[in-house]
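*Asks:* I have a structure here, written as C-alpha cells, and I will follow up with some questions on it.
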C-alpha cells in the first residue's frame, strides 16, 4: 500500500475503516491467507498515522508561519 502524506486524523479514519473491514472479513479464520493482506494494510496505516503525529509535534508553528511570511517582523533575522 502506498500512502500519500495525509493528516493524522484522515489516517486514523482510514485505519479504523480498514480495521473494521479486516475484522468482519476474517472472523471465521483470522490466521487464513486471506486475512494477512488486510491486517498488513491496517498495520501500515497505523504506522503512517503515528509518523504523521510525530512530524506534527516536530513542527514549530512560528517556523511554519515564517516559511509562508518571511517578510514579517516576527521572521526577520539580523546579523550582528
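Just so you know, glycine gets a Cβ as well, placed from its N, Cα and C.
All annotation found in TrEMBL is predicted automatically rather than curated by experts.
Features from TrEMBL:
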REGION    1-80  region 'Disordered'
DOMAIN    11-80  domain 'CP12'
DISULFID  26-35  disulfide bond
COMPBIAS  51-80  compositional bias 'Basic and acidic residues'
DISULFID  66-75  disulfide bond
*Asks:* Return only the integer: C-alpha distance in Å from residue 35 (disulfide bond) to residue 66 (disulfide bond).
*Replies:* 47
*Asks:* Might you list, by sequence position, any residue in that chain lying six or more from residue 75 (disulfide bond) with a Cβ less than 8 Å away from its Cβ?
*Replies:* 62, 65, 66, 69
*Asks:* How does the compositional bias 'Basic and acidic residues' (51-80) divide up by DSSP, counting helix, then strand, then coil residues?
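*Replies:* Summed over the compositional bias 'Basic and acidic residues' (51-80), the classes give 19 helix, 0 strand, 11 coil.
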*Asks:* Could you tell me the mean pLDDT over the domain 'CP12' (11-80), as a whole number?
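*Replies:* Mean pLDDT for the domain 'CP12' (11-80): 77.
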*Asks:* How many other Cβ atoms are found within 10 Å of the Cβ atom of residue 35 (disulfide bond), counting all protein chains shown?
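*Replies:* Taking every protein chain into account, the count is 17.
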*Asks:* Give me the count of other Cβ atoms within 10 A of the Cβ belonging to residue 26 (disulfide bond).
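*Replies:* Looking across every protein chain shown, the total is 16.
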*Asks:* Near residue 66 (disulfide bond), how many other Cβ atoms are within 10 Å of its Cβ?
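*Replies:* Summing over all protein chains shown, residue 66 (disulfide bond) has 16 other Cβ atoms within 10 Å.
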